[in-house]
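Peer 1: Feature list, courtesy of Swiss-Prot:
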DOMAIN    5-123  domain 'Response regulatory'
MOD_RES   56  4-aspartylphosphate
DOMAIN    174-364  domain 'CheB-type methylesterase'
ACT_SITE  181  active site
ACT_SITE  208  active site
ACT_SITE  306  active site
């Protein structure tokens, strides 16, 4: 496999040096240069044609968002990994970057010592850059960066499930649960607006993200969707036609009200599962307790296997299941895990997922 050629773009000298040095320590990575603003980066991208850029958002002359806008007009443009700050403005701008097609983002560490900051950044960079290299080197880069709205329609595949308890009949779904990670904001931006306003069921979403960022994601999606989208709050009753996004850094599950009639959202500080908080497995297990034969579970783009164990529980209780296909995933990790485990009823491209969700709810 050839080296991944990376351009480092940041207006801070310290970060340009630290990121460049850390990247050079990763096997298979070649740092081809640095740039201190988007305009210089754009010139270097046209000249040197890197595979990937690490990109700061706030820069003089041309910021990271403006650079991403320009990259849309460049054939075979590089992927982008954003370096973001844990602030409201930082999260809002990061959501914009992800919607514009950035591969993922890394938080600029806020540890107690410079050494701890460097170690945290090294760990994040290594994981994301290695994943990008495996996903893109040897494939056309446009495969991972083309907006889903421009992807050509592909076939939805119905699968025979090996593990479902056939004694539990699948009925109309009364709740939809979604697990998603890397590539999620862009995928949700394309998929959720296709859900009709009269869907008539609640939708619960676990998107692997840190605190603050999930609130920005919910705000951004709410402006684009026919249904309401909000960050979930502890103790609220789930309502039809609302999508609830699990808060970053917390776990989200379903519980029963005191009278046993309503289903409530419970936000907890329970430990991470699969190194994730929020965790898809954690949510899915709880839904299985209250919606036997009446749930639809969706696994979308993301690295790792979070959601596999939880989906196994749901499928044993008669849930419908939908998996995103490999071609439309930014990272085919979570969907591959559940597909390999024989837990998916239907595999479909991103632009057909909403249609399949509606089918399980309406069963027409």
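Backbone N, Cα and C define each Cβ position, glycine as well.
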Peer 1: Provide the number of Cβ atoms within 10 Å of the Cβ of residue 181 (active site), excluding the reference atom itself.
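Peer 2: Excluding its own Cβ, residue 181 (active site) sees 25 Cβ atoms within 10 Å.
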Peer 1: Mind telling me which of the recorded positions 56, 306 has the densest Cβ neighbourhood, counting other Cβ atoms within 10 Å?
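Peer 2: Buried the deepest by this measure is 306.
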Peer 1: Between residue 208 (active site) and residue 181 (active site), what is the CA-CA distance rounded to a whole number of Å?
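Peer 2: For residue 208 (active site) versus residue 181 (active site), the Cα atoms are 5 Å apart.
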Peer 1: I need the CA-to-CA distance for residue 181 (active site) versus residue 56 (4-aspartylphosphate), whole Å please.
Peer 2: 21
Peer 1: What does DSSP give as the helix, strand and coil breakdown of the domain 'Response regulatory' (5-123)?
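Peer 2: Tallying H, G and I as helix, E and B as strand, the rest coil: 53 helix, 27 strand, 39 coil.
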Peer 1: Given residue 306 (active site) and the residue listed as '4-aspartylphosphate', what distance in Å do their CA atoms have, once rounded to a whole number?
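Peer 2: That separation, Cα to Cα, works out to 29 Å.
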